[in-house]
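Remarks on the structure that follows.
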């Protein structure tokens, strides 16, 4: 017999687990290209940071942050490949698609934090503007531009491609789109490039490089060093404006909100489901975005007692599966609720039992149109509801017998047992008047004595 270890340590540490998952991704040949670009990106970032320090240019530093963002996008692409390889587990029953959403959100937020850092440094430089050396400024600009464009156009980054198309447009894209419409009106052949909207990452790379070229030109001509700080602020604002809509979109996905562009389609599908045969009600519906392009949802469906659960489940799933790929449907049958016999509302002037005697007859005029099973309006072809109560005169309204005079003892009523079958033939006769029972009223718990029994003694 082996030794029982109550508190056995995990076989792998966090670093070991990360190493194991990295080997799993590196085994795929598609990831070799991404790893190669990541290594070149690190080398490029090292050279750019050295040139930023030698030129003392904060504008080139702001543009270098875009190259660092490219490194984050490459990591996100690796995570996307890893998600495709992993299968759902008991801990992550919906899969690992939210990891790539989290990676996009973290990358865009870090890019915005870098832009805020550039704005803070630029505000300090306006107070004391240092001298800018333009020796390697233009070289660093073209190296960063070439590598950024080559990375964006060579690698298909699925998460960022989806977010850039699904998220709202940035202010830079809107202004460029307005300018592109004017240009395409003159040269229609450029409409395939500039319209409907340009890639936001390519657009910010070109705009940042253009700002650095203007900075280099003005410093070389007039030694106007403040333009470097202005260009840094412009690049930081463009970075923040480009990344903010993507952060908002990925953040809403993480918060499990319903995408606005599918609300109309979901409402239409739910209306179709509510009209299916056997479906009485659709409740507690909740739909959210599980990952980029993946919609999940859950819904409760109440059906009739005589409906086939499997048939209804198949029809509901078939209708909703066209839009919701991960769907949970809970089917439950309607509860059997018997209608209760209730008396009419009691007025304040009916509480004196010596003056009024009430024979409560339930008003079932409104209940005739209801189905006792579903409590919903029944169809004209459905049979009338059956009750387990043998109550005569169900269509007779409550009868109130008014008596303003004092009732003497020993009224001449027939004290025999009146059968239910002869109630209607004898008019409004009181059912159940036996030798030990007086008038029957709707108040069974009222402590009063009335009537006499066969022996002439007051009956409680």
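Note that Cβ sites are derived from N, Cα and C of the backbone, with glycine treated the same way.
Under 8 Å from some Cβ of the transmembrane segment (32-51) lie the Cβ atoms of residues 26, 60, 64, 67-68, 70-71, 74-75, 77-78, 81, 136-137, 139-140, 143-144, 147, 151, 154-155, all in the same chain and six or more residues away from its ends. Among the features that TrEMBL reports, transmembrane segment is placed at 32-51 (among others).
Residues or ranges marked as domain 'Cation efflux protein transmembrane' in TrEMBL: 35-255.
For the transmembrane segment (63-84), same-chain residues at least 6 beyond its ends with a Cβ under 8 Å from one of its own Cβ atoms are 21, 24-25, 28, 30-31, 34-35, 37-38, 41-42, 44-45, 48-49, 52, 95-97, 99-100, 103-104, 106-107, 110-111, 114-115, 118, 140-141, 144, 147-148, 151-152, 155, 157-160, 204-205, 208-209, 212, 235, 239, 291. Per TrEMBL, the feature transmembrane segment maps to 63-84 (among others).
Per TrEMBL, the feature transmembrane segment maps to 96-117 (among others). Long-range contacts of the transmembrane segment (96-117) within its own chain (CB-CB distance under 8 A, at least 6 residues past either end) are made by residues 62, 65-66, 68-69, 72-73, 75-76, 79-80, 82-83, 86, 88, 159-160, 163, 236-237, 239-240, 243-244, 246-247, 250-251, 253-254, 290-292, 294.
Annotation comment: TrEMBL describes 137-155 (among others) as transmembrane segment.
Remote same-chain partners of the transmembrane segment (201-219), defined as residues 6 or more beyond its termini with a Cβ less than 8 Å from a stretch Cβ, comprise 57, 59-60, 62-63, 66, 132, 134, 137-138, 141-142, 144-145, 148-149, 152-153, 160, 164, 172-173, 176, 225, 227-228, 231, 234-235, 238-239, 242. Taken from TrEMBL, the feature transmembrane segment applies to 201-219 (among others).
According to TrEMBL, the transmembrane segment annotation covers 225-244 (among others).
The region 'Disordered' annotation in TrEMBL covers 371-391.
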